[in-house]
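According to Swiss-Prot, the protein has these features:
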{"type": "BINDING", "residues": "Arg107, Thr140, Arg141, Lys142, Arg164, Lys174, Glu204, Asp226, Ser249, Gly250, Gly251, Val270, Gly271, Ala272", "note": "substrate binding site"}
Amino acid sequence: MRPNHPVAALSPFAIDEAVRRALAEDLGRAGDITSTATIPAATRAHARFVARQPGILAGLGCARSAFALLDDTVTFTTPLEDGAEIAAGQTVAEVAGAARTILAAERTALNFLGHLSGIATRTRRFGDAIAHTRARLTCTRKTTPGLRGLEKYAVRCGGGSNHRFGLDDAVLIKDNHIAVAGGVSAALSRARAGVGHMVRIEIEVDTLEQLAEVLAVGGAEVVLLDNMDAPTLTRAVDMVAGRLVTEASGGVSLDTIAALAESGVDYISVGALTHSVTTLDIGLDIVVAPPKAERA
């Protein structure tokens with residue numbers, strides 16, 4: 001099942017912060033010395049962002065910011081919005097202004113646009129594979145350091161939903177917590193006593209025996225069914241019988257996700273949405289350049 005809510009907006013402050021870091025990394029101490037050396041300062045250019053392959057678009061705000069942060073007179077225009085389906089050969093945006101600025105910001109803009117569109121595209125593929133079921137697709141915290149907010153936004157652009165943004169969003173008792181705490185019962189009872197009533201508690205289990213203990217002890221609202229095959233997952237969902245929200249996770253691929261979703265599980269979390277993404281191929285093509293270089 002695909003969520004039908006609109007894509008939640010991404011803060012422009014979050015966009016600018018990430019793009020500033022990327023520009024600083026790329027421009028270094030002296031800026032784009034190649035463009036400065038070869039292109040007169042007064043030269044203007046017009047370029048198009050063109051998709052080289054089909055996919056789902058994400059990251060327009062980052063691409064726009066890459067130019068605006070260097071020169072607010074550069075214009076960035078697009079008829080599209082993040083989440084749009086794009087075809088190979090389609091123009092997704094255009095930029096016009098100082099040629100030096102366009103070339104200096106080009107790679108930063110393309111890096112964000114390609115990376116985030118790659119996440120959105122992969123998310124859509126996983127979502128399409130389970131669209132015939134009630135299961136909802138969600139991401140994980142397996143994100144690129146410093147880019148979590150952007151990457152989780154791209155997941156939403158692709159039709160997925162977000163799991164925890166950080167460790168302070170909810171309690172998620174994993175296998176290592178259980179091992180250190182002394183077992184499922186001890187971990188659950190301490191968690192329930194240690195957080196307020198408004199905090200949701202999820203616990204990870206990897207066997208049906210652990211699941212039975214969770215159901216007997218109580219205290220959790222969500223159970224994460226880790227690395228279970230489809231038949232075992234179906235038995236687990238039957239055991240829960242609607243008493244807890246169920247989430248399947250662990251080694252989920254495009255080849256396996258449909259069978260897992262058909263078990264009746266509520267959510268399927270997929271780390272591969274963000275941790276091993278292939279960039280969507282988008283290029284920037286200069287379409288208008290002066291026939292003769294102007295003097296600075």
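For all residues, glycine too, the Cβ spot is worked out from N, Cα and C.
Looking only at the binding-site residues Arg164, Glu204, the densest Cβ neighbourhood within 10 Å occurs at Glu204. Counting only same-chain residues six or more apart in sequence, the Cβ atoms lying under 8 angstroms from the Cβ of Arg141 (substrate binding site) belong to Arg148, His163, Arg164, Phe165, Gly166. Ranked by Cβ neighbours within 10 A across all protein chains shown, the binding-site residues Gly251, Gly271 are led by Gly271.
Within the group of binding-site residues (Arg107, Ser249), the Cβ with the highest number of other Cβ atoms inside 10 Å belongs to Ser249. Per the record's binding annotation for substrate, residues Arg107, Thr140, Arg141, Lys142, Arg164, Lys174, Glu204, Asp226, Ser249, Gly250, Gly251, Val270, Gly271, Ala272 show a top Cα-Cα distance of 41 Å. According to DSSP, Ser249 (substrate binding site) is assigned to a strand segment.
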